[in-house]
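**Q** Below you'll find the structure I mean.
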Amino acid sequence: MKRKISDLQFFFIIFVSVASLTYFSIPTQLVPKARQDLWLSMAIGAAVDIYVAYILHWLGRKYPGQSLIQYSRTVLGPIGTLFGFIFVLFFLIVIVSAMWLFCKFLSTTLMPDTPGIIFSATMTLATGWAAYHGLESIARLAQFISVLILSASVLLILFSIRELNLHYLLPPFENGVGPAIKGAVYPASWFGICIVIGMLMPHLANPKRTFKMKASAVLLGAFVMTVTFLCSMAVIGPYMASRIDYPIYMFSRIIHLAFFERFDILLMLIYISGTFITFSTLYYGAAVGAAQLFGTRTHRNWVKAFAIFFVASPLLPFSNNASYAFLFFDKWFPLFGLLIEGGITTLIFVAALAKDRIERRR
Amino acid sequence: MKRNNRPLQEQIGQFKSELGNSADLSIRECAVGVKQIPIAVLWLDGIVDTQSLNEGVLAPLISRTRELDVTAHEDLYIWLQNSVITAKKVSHALSIDQAITLLLSGHSIVVMDGCEGSIAVETLGIETRSIEEPASTVVVRGPRDGFVESLEVNVSLIRRRIQNKKLRVEAMTVGSVTHTSILILYLQDRAPEETVAEVRRRLSQIHIDAVLESHYIEEIIRDNARSLFPTVYSTERPDDIAGGIVEGRVALMVNGTPFVLLVPCTLFHLMKTSEDYYLAYPVATFVRWLRYIGLFIALLFPSLYVGVLMFHPEMVPPYLLSSILSAREGVPFPLLIEALLMELTFEGLREAGIRMPRAVGSAISIVGALVIGESAVRAGIISSPTVIIVAGTAISSFIIPSIDLSGTIRLLRFFMLICASLFGLYGVLFGLILIGIHLTTLRSFGISYLAPIAPYKKDEARKTLIRVPWWTLRTHSRRHR
């Protein structure tokens, strides 16, 4: 754990997380709302995330060697501890809900006969093991997986060129700018999960470049995925795309890659490996956060303790109630997500700024 | 060297009793000088070189001292050592324990009537195999000499290639029963001091009774003792070891085995061969990539076959699928069992082929190819696609240059096969991620196992992925100028 990760590894972790979150978590809500204008939503989402990244970068530089949990306590005292608790809880909720989505996705598309708990158990085992070994392992795997994701996405886009119907993307702003801006809450809240960089910053070899790396990774990830979204819409049409749950998956089913009949499974596997990186980074963040919050010497016991929640996530009480799940992902998750990711971080930022001023005047 | 008035026979008797009247202990008693002082020379038959014993020890002791008037005074040992014995290496042993240790390592011991101590003369002459082409790694182009069981010869093979005063050779003894000598070879200034120190530290901590092959050492000094992946490189080829030493790695030679160890060793070291550097660089790069692909095929081919056919048959193009399914018609086993059966058969054949006397070897290939391959398919017990898959896997596993790594991959193939049969392609991915996590946590003497790809180092990664032509590399001497 004392070993540091390089700029490039950090970049890859963020890129992989953004891309895989976009593949699994965002489309169901975003595509029906924004349709062909989703590029604007994605852009706003990325912008919000970059704002948060700037705050975290500033705070991380101000309190070097401290994580999000630690400096929120340094700045705000007991309230900061409460905030830290909220952050850890938030990470857990994010993993549980993303795991739920992931399992639902896999059991509806890839293997319909397999119960969701198989996916959550295997995924928890893999991510837990990675989180147990620490950030360095995750970062090295991210290097390999990001190359896969990037090349797979580019291949997908290239092979779809033949089937594009660009007029599907017209007219822009069919229903005004409103839906696109409202739709921005989904990418913003999911991308905002990258506040986990607050937990990673003490492990960076070169914290000066955090902001630059993070911003470019989010931009690259959002760009690649936006192009993929637009391509999928240009192939299957925005109407169809907004009716089905997983437009990118459907899109990849249509594309033939050389002699491969079904590129979709390969692509899905690649994104699953990306999700693995996202989960294990969050898992690591949550475990380290909990360890810092409760003053435990190592995060490893927390990794073991949290595992049960993640394995159980497909069995959650609301899981069979579609309307409840819809409400959660449509309303509650973006709301609370943004409040925590944007709101609390801004609060800490303002408090730290004020504290800094007061100290300087003395 | 005090006079202790111990007669010669008593001293000889002490040696005899220490060695338990061993049958191969030879004693030559004689008399020195005009005064005919009784002395004796002791050695162990078979491990001394008769010629150097005669010419360097016995002849000078008897014939040269004939005219000299000496007494058995205290400096007689030193006088014998300095002026009489002509062998190349002579040392003075004080105690009987020291003398016996030297006696066992091929020295001849000279003891004298009434004097404490003895002289040890180096007359080592163990029969060694001549230098031959190593059987475990054969090259088309490149040097054909291989290490042998003798440390001196092995060091000479390295010295011949690296004629540099910075080449350091350090000796150590390991094994409470066997007292096996181990040599540490490295280039000072090239090999990091920490690595050398770490090697020394780990070797000094070895507590084992016997070291009969370098793998004993390998298993004890490696990091991650429980990992399946080899983290120490071993080879019989001196050019390979010399290349490693020049790169700044540390070589370990163990007496009695032609396999020399090299540390640190990463996954990508195991995928290189020294022949890469003797071939044209485009060809060598192509071969290297072929090896990486072979690695993945050897690991994944059967599991992908089982996973795709059992869980995702829609991925296969329709014509191919129909031909596979029609070939499998009537096969009584489920796909997984069929694949496992064939894999195990192949592993069995391979193991049998290694142990077989050469004369019977052709019988194995006939049985393997005709009986199992041809007849089993004809009889409809095994489908021919499975045979093709297993054959492809087998060829790929031979592409991997390292025997150790190839063994690891063979074992992991079964793990992947089980993952695939449980969860299809998702299981394959799951297995790969687990292996990936394991690989990222491995280290070899301070270097991460996936270096230089992860963590990424640009120049070294380039040299790993492609065989960079020498003229694009600025040589070290030029850089230092």
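Yeah, the Cβs are placed from backbone N, Cα and C, and that goes for glycine too.
Quantities reported herein were computed from a predicted structural model and do not represent experimental measurements.
What TrEMBL records for A:7-26, A:38-59, A:79-102, A:114-132, A:144-164, A:184-205, A:217-241, A:265-290, A:302-320, A:332-354 is transmembrane segment.
Could you give the neighbours, burial and distances for every feature on this list?
**A** Beyond the transmembrane segment (A:7-26), the same-chain residues lying 6 or more positions past its ends with a Cβ under 8 Å from any Cβ of the stretch are 98, 101-102, 105, 138-140, 142-143, 145-146, 149-150, 153, 186-187, 190-191, 193-194, 197, 200, 204-206, 209-210, 213-214, 216-218, 220-222, 224-225, 229, 248, 271-272, 274-275, 277-278, 281.
Beyond the transmembrane segment (A:38-59), the same-chain residues lying 6 or more positions past its ends with a Cβ under 8 Å from any Cβ of the stretch are 30-31, 68, 71, 177, 180-181, 183-188, 190-192, 194-195, 197-198, 201, 210-211, 214-215, 218-219, 222, 225-226, 229-230, 338, 341-342, 345-346, 348-349, 352.
Same-chain neighbours of the transmembrane segment (A:114-132): 99, 102-104, 106-107, 138, 141, 275-276, 279-280, 283-284, 287, 299-300, 303-304, 306-307, 310-315, 319, counting only residues six or more beyond its ends whose CB sits under 8 Å from a CB of the stretch.
Within its own chain, the transmembrane segment (A:217-241) has Cβ neighbours under 8 Å at 10-19, 22-23, 27, 31, 35-36, 38-39, 42-43, 45-46, 49-50, 53, 150, 153-154, 156-157, 160, 163-166, 168-169, 187, 191, 194, 247-248, 250-252, 254-255, counting only residues six or more beyond its boundaries.
Residues 13, 16-17, 19-21, 23-24, 67-69, 84, 87-88, 91-92, 94-95, 98-99, 102, 106, 109-110, 123, 126-128, 130-131, 134-135, 138, 141-142, 145-146, 148-149, 152, 156, 193, 196, 199-200, 249, 252, 257, 296, 299-300, 302-303, 306, 310 of the same chain lie 6 or more positions beyond the ends of the transmembrane segment (A:265-290) yet place their CB under 8 Å from a CB of it.
Taking Cβ pairs closer than 8 Å, the transmembrane segment (A:332-354) reaches residues 48, 51-52, 55-56, 58-59, 62-63, 71-72, 75-76, 80, 83, 86-87, 90, 94, 97, 185-186, 188-190, 192-193, 195, 198 in its own chain, all 6 or more past its ends.
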**Q** Looking only at residues six or more beyond either end of the transmembrane segment (A:144-164), which have a C-beta under 8 A from one in the stretch?
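**A** Those are 12, 15-16, 19-20, 224-225, 227-228, 231-232, 234-235, 251-252, 254-257, 263, 266-267, 270-271, 273-274, 276-277, in sequence order.
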